[in-house]
Amino acid sequence: MGTEREDNQQASAVDDGAAQQDAASIADVSVEVATVDHTLQKLYRKYRKTRRKPKGLKRLWAHLLNVPHLALIIAAVVFVVVVIVWSLLWVFIFRRESNSGAYFAGMFRLANVEFIPEYRQAESHEFVYMANKIQHVVSNVYKMSSVARLYKQTVISDLSNSDSGILVHFWMVFVVPRLKSPAVCEECVGVIFRDSVHTSLRNRTSVGYLLGLPVDIDSILINAVQRSDYTSNTAGSQCVDKMYANLPGVKVPLNIFSSWGGVSCHVKLTAVPGSLIRLTVNLFLIEPSDCVNDALTVYDALLPMRGRILHRLCEPVSGSISLVSTSNVMLLSFRMTKGNKTFRGNFEAIAAEICMSQIETQSGSGISAQIYSPFYPSLLPPQCSCTWRFETSNSALGVALQFQNYVLKPKGMKACDHGWWKVNEVIFCGSYVGHSTVFRIYDRSPEVEFRCSSRHAALPFQASCSSYNISQPCAENHFLCSTGLCVEKKRRCDGLDDCQDESDEVFCSRPTMKCGGNRPPHPLFVCNGETDCTDGRDEINCTQETTCSAIRYQCRSGSCILKKNAKCDGVHDCEDRSDEMDCACGLPPTVKKDGPERIVGGVNSVEGEWPWQASLHFSGNMYCGASVLSSDWLISAAHCFSKERLSDPRYWTAHLGMLTQGSAKHVAEIQRIVVHEYYNAYTFDYDIALLQLKKPWPTSLGPLVQPVCLPPTSHTVTDSHRCWVTGWGYRSEEDKVLPSVLQKAEVSILSQSDCKKRYGPVSPRMLCAGVPSGERDACRGDSGGPLSCQSSDRGRWFLIGIVSWGAGCGRPNLPGVYTRVNKFTSWIYNHIS
Ligand code: 4AZ
């Protein structure tokens, strides 16, 4: 046996010999081209000869290593491997990808079927028997339908007792080929089931018998859900718990999550039949996040159905809040990816509130009684009904209802989103506001009916009831506001919104500046930064301490000074010097201004001119504007986020330090969106929202990204201020193409009464700005962006308005309407600091 080296030498010798012969054969071929058969035979003989030369395995091996053979073998092996890998990919990835699941959660009531306690246990024979029966019926419905080929299975998840019947909760799964359309739509799935029940309806009942199963057609609800909802709720999930409140009024503790390790956890609550569930949250620790990946969602059902969301908690709770279901079941669905998971609270079975009372209001100005929203102070459920009958002592007296944060307005074309009211046969809609109102009924014995009409749980309300003199609603020397409040007559036209809806400040002649005599100048002119009196008396002693009001600057110490625009003006006005603290805002780097290249109503901005301007992109498309408030907060308009998908921060990005679309210095992801809780989608009142970034923008962006200054409540804009609206929105109403360069247009602020003359009812939270010709204005796409004002040439820029709405764009005498930012200063600080 030779050494490995010797073997190699032998092998190479054999190789050499074979190579020489091959070379000879190639030479032969080149001269005997005409006799191909002959040549092939020769080649074959030579080949046989060369094959015979090496002996045994070694020879074969040596032969295999011959270069052309090696290439052939490698090619064959590669081919086989590729075929195998491709087949595996096809089986495990593409095939699976090309079929995707469509998941649904549903519920319906089986009428007149007796509920037995064994149905609570999914392992019991009774449950399995009943579930199989229902499953068979539902499967039959879908196997006979147009989506039969896609239908996979129905899983009955819960049977609970519902008024004289059984409430069935179920999952349904369809397998949909990826490229096939139409997919299984939510509406279609619901219609198929309802149609089947409908065809089986007999007589005038709502109960149809499907293969003997009495299904109440009115109770059917089917919603599309995510695959993760299905997998985290069904068998094999790590965290699904069932709890019962078997005795009315006995609180069952819910402190079960300290040891919970997963991301999703579900607790199904059931109470005694005929009762409702009150859930009380005493402590809930959660990292404020996107409200999708991190949230506690409370459902008015036992499965996570979108149409049954009662409430979503995305912020930590330390005080107590409670909410009430509309039936005897509730689902708590925890989804928490970050931080500690701590939840403390309880739930109890409570009786449905019989909300009906007779109230006698005494004569005199005192409060006679209180009315409360059902289950007060719990949040209002989506369904409820109350009737209050009032009686005053004589026909000259009407009934006054004073609400803390709620207002009733006559119902228009739109549905009532936050409460439906019928007062002596006239319909009103309720909505939430940030101040008190008085609703006056000119009748001595009115009947007031209230029905809950919110999609989710809503804020509770309370009202003080009293009687009032119909012919003279307010006391002597008092004035009746449109909000129903009474204010002193001397407060009319004093420049302060005493009525809360500015009804004391309309039809006021423009305050004239009277600088002579003993009367002090009008409060609007006092210490507003402009010398209105020739002797300058309106601008003296502006830093002396005085009583606080909305038009006086409040120092951090709590004391107030007369000077209105004391914040960050470069002068120390407060004793504690707080007015010049946190002033790294509103100063763009000195920029070279561009030539006067006019675009409809505006001109191109210059890089770095508006470093607080941000562009908000939804699913990759420019959608709204915003302004930078700090290293991790932006401010924008609530209406940019008012629909379901729009409120999901995961679809949004903020483009910062950008002049031309597509050239942002920084693109930030959004962590959460805070929409004002009183935002009214019909009136655009409270049109303000805050966006928290996932990460602060890099400080190195310095001059090109900077916060705008936030005006204090007292901040006033005078004629000497310069105000500009900026954005990438359309340049005219008919425009089809958005500009790529950031546009700017200088606009003037209108008085509130001029604004009302143009638009009728505008709220105190709105302000108008524009030019009489309409030529310079904001438009679609500018929404949420800034209206920035500067008091002097080198002064800081303050965010005075947020682009909100208007009648078209650029129309004469129809200015743009902006959210009045100084009305929200404390709301903003409460959220961002
Ligand atoms: C809008 O649709 C919009 N002319 C914004 C501002 C104005 C009009 C419409 C004001 O976003």
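Using N, Cα and C of the backbone, Cβ positions are placed for all residues, glycine too.
Curation does not apply to TrEMBL; its annotations are automatic.
Only one of C481, C486, C499, C508 is recorded by TrEMBL as the disulfide partner of C493: C508. For C583, the disulfide partner named by TrEMBL among C560, C568 is C568.
Only one of C474, C481, C515 is recorded by TrEMBL as the disulfide partner of C499: C481. Predicted-model confidence for the domain 'CUB' (355-468) is 93, expressed as mean pLDDT. Broken down with DSSP, the domain 'CUB' (355-468) shows 0 helix, 62 strand, 52 coil.
Separation of the C-alpha atoms of C493 (disulfide bond) and C548 (disulfide bond): 19 Å, rounded to the nearest whole number.
Comparing the Cα of C515 (disulfide bond) with the Cα of every entry in C474, C542, C560, these being the disulfide-bonded residues, the smallest distance points to C542.
Straight-line distance linking the Cα atoms of C527 (disulfide bond) and C481 (disulfide bond), rounded to a whole number, equals 28 Å. Only C486, from the disulfide-bonded residues C474, C486, C560, place their Cα within 10 Å of the Cα belonging to C499 (disulfide bond).
All protein chains shown were included, and the count of other CB atoms within 10 Å of the CB of C481 (disulfide bond) stands at 22. Taking only the Cα positions, the spacing between C548 (disulfide bond) and C481 (disulfide bond) is 23 angstrom.
For the disulfide-bonded residues C486, C493, C515, C533, C568, counting C-beta atoms within 10 A of each C-beta gives the highest total at C568.
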